[in-house]
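As recorded in Swiss-Prot, the features of this protein are as follows:
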- 1-28: topological domain 'Cytoplasmic' (TOPO_DOM)
- 29-49: transmembrane segment (TRANSMEM)
- 50-72: topological domain 'Extracellular' (TOPO_DOM)
- 73-93: transmembrane segment (TRANSMEM)
- 94-105: topological domain 'Cytoplasmic' (TOPO_DOM)
- 106-126: transmembrane segment (TRANSMEM)
- 130-150: transmembrane segment (TRANSMEM)
- 151-160: topological domain 'Cytoplasmic' (TOPO_DOM)
- 161-181: transmembrane segment (TRANSMEM)
- Asn182: N-linked glycosylation site (CARBOHYD)
- 185-205: transmembrane segment (TRANSMEM)
- 206-268: topological domain 'Cytoplasmic' (TOPO_DOM)
- 269-289: transmembrane segment (TRANSMEM)
- 290-305: topological domain 'Extracellular' (TOPO_DOM)
- 306-326: transmembrane segment (TRANSMEM)
- 327-332: topological domain 'Cytoplasmic' (TOPO_DOM)
- 333-353: transmembrane segment (TRANSMEM)
- 354-372: topological domain 'Extracellular' (TOPO_DOM)
- 373-393: transmembrane segment (TRANSMEM)
- 394-402: topological domain 'Cytoplasmic' (TOPO_DOM)
- 403-423: transmembrane segment (TRANSMEM)
- 424-433: topological domain 'Extracellular' (TOPO_DOM)
- 434-454: transmembrane segment (TRANSMEM)
- 455-488: topological domain 'Cytoplasmic' (TOPO_DOM)
Amino acid sequence: MKILMRADTHVSYSVPAEGPKANFTFSQVLAALSVSLCSLVVGFVSAYTSPALVSMTDRTITSFEVTKDAGSWVGGIMPLAALAGGITGGPLIEYLGRRTTILATAVPFIVSSLLIACAVNVIMILCGRFLTGFCVGIASLSLPVYLGETLQPEVRGTLGLLPTALGNIGILVCYVAGSFMNWSMLAFLGAALPVPFLILMIIIPETPRWFVNRGQEERARKALKWLRGKEADVEPELKDLMQSQAEADSQARRNTCLELFKRINLKPLSISLGLMFFQQFSGINAVIFYTVQIFKDAGSTIDSNLCTIIVGIVNFFATFMGILLIDRLGRKILLYISDIAMILTLSILGGFFYCKAHGPDVSHLGWLPLTCFVIYILGFSLGFGPIPWLMMGEILPAKIRGPAASVVTAFNWFCTFVVTKTFQDLTVAMGAHGAFWLFGVVCIVGLFFVIICVPETRGKSLEEIERKMMGRVPISAVVNIKPFSFNM
């Protein structure tokens, strides 16, 4: 799944080398929780098709026909709409503000779910899914920008985990509820989830950086006071923000989107695009969107709805494992582990479905698909899930980070659409085994891409990474591992 955890797309940070240790102020926790509740909604709607399509295509439950082709569009139209939303979200967060843009998605999220819940034909469902996807695309840009501009660097890693965690909770909620709700009732639940997010977003302020960008120094000061605490001295931070904005304005006048295609910038852009390609063509969103259908086709001896719940739980806990390990093992080691796990499990899944279709009998191995799915999700969530987004924010040069990240984000959503829309067609043309083997071959190519092209960025500042990516100093492609500390 691509729950939509996007890196810092339209903003670059100026972080002092030294500074006071940040505290987990209640206001910062509240701000992070408020926007992360939007991520919970995103997780829920992204996973919706997995449990919903089974009852949606059942004529004893649904009063109108949903063909297999229409079902593929129910899954595929959301990422296509998210691509459009992602492109639209960039200008919106600049002109309306980060908070206002996020807040503006709440009501459409509710309306889109109600449109699906009350649908009397496939067109209404598709319209609801398109509106849902459009909001998801906007959220995918605006959530990380808001958090990046409001949280202090010392707590950004911990509180920045909340969107990923709540997004995975949203997936799990959808799987659990989908085990006993039909598609219509599940959509009604989806309409209720944005309400807490809507209420909390009204309470929190706009980001100080956006106020500074608009020349509203006093409002920026008030927002910083709210976020840092009334007793905090916010003047040094405000001064840094104003200086950073002045430098960004100066660069914006000198550089255009044509900078993206200069040879010196193509290397980091190509690496980021490559990581996004291999992330999506590992087949993750096909797995998330069609989990129930896959287990049903596999003839697993374990209830398909229970299988999806187990997959959701694994996805949730694997996220925390990745966070704990990424600054210990480094990016490349986790990408290696991730790729190898996906290659092995996709190969075995392909073999299982081949034997199921052509023999020998594998009915006694009904537990095998679930085992492979668990390891596959675990591997993806450790590496190729979060790291492409993290590295997008690390390796793209500051002066092109905004437009470059928009290109990378749009490309990711395009790949998501292609995978989710064509998965069922692939299973018809090649068989389920052929589809899984194809994803496995892509993962093998992705492994070589990581070995040869992807730099190790652990422990390096953004400035150091940029100097190396620009070729001013050589960059190492060799992994480096930080020893574990057992101090409590």
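One-based numbering along the chain as shown.
Each Cβ is built from the backbone N, Cα and C atoms, and glycine gets one as well.
Fair warning: this is a prediction, and the values are worked out from it, not measured in the lab.
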Query = Across the topological domain 'Extracellular' (50-72), what is the average pLDDT of the model, as a whole number?
reply = 84
Remark   = Across the topological domain 'Cytoplasmic' (94-105), DSSP labelling yields 9 helix, 0 strand, 3 coil
Task = Give the one range among 29-49, 130-150, 333-353, 373-393 whose Cβ atoms make the most pairs under 8 Å with those of the transmembrane segment (269-289).
result = 373-393
Inquiry  = At a Cβ cut-off of 8 Å, and with pairs 6 or more apart in sequence only, do we get at least 3 pairs between the transmembrane segment (333-353) and the transmembrane segment (373-393), yes or no?
reply    = yes
Request  = Run through the Cβ atoms and count how many others sit within 10 Å of the one on the residue listed as 'N-linked glycosylation site'.
outcome  = 16
Key: Stretch of maximal Cβ-Cβ contact with the transmembrane segment (185-205) [cut-off: under 8 Å; candidates 29-49, 73-93, 373-393, 434-454]   = 29-49
Remark   = Per DSSP, the topological domain 'Extracellular' (354-372) contains 13 helix, 0 strand, 6 coil
Key: Secondary structure tally of the topological domain 'Cytoplasmic' (327-332) (DSSP, helix then strand then coil)   = 5 helix, 0 strand, 1 coil
Key: Helix, strand or coil at the residue listed as 'N-linked glycosylation site' [DSSP, three-state]   = coil
Request  = Please give the sequence-distant neighbours of the transmembrane segment (373-393): residues at least 6 beyond its ends with Cβ less than 8 Å from one of its Cβ atoms.
outcome  = 5-9, 164, 271-272, 275-276, 278-279, 282, 284, 287, 291, 307, 310-311, 314-315, 318-319, 321-323, 325-326, 331, 334-342, 344-346, 349, 401, 405, 408, 412, 446, 454, 457
Query = In the same chain, who gets a Cβ under 8 Å from the topological domain 'Cytoplasmic' (94-105) while lying at least 6 residues past its ends?
reply = 10, 35, 38, 135, 138-139, 142-143, 145-146, 149, 198, 201-202, 204-207, 210, 213
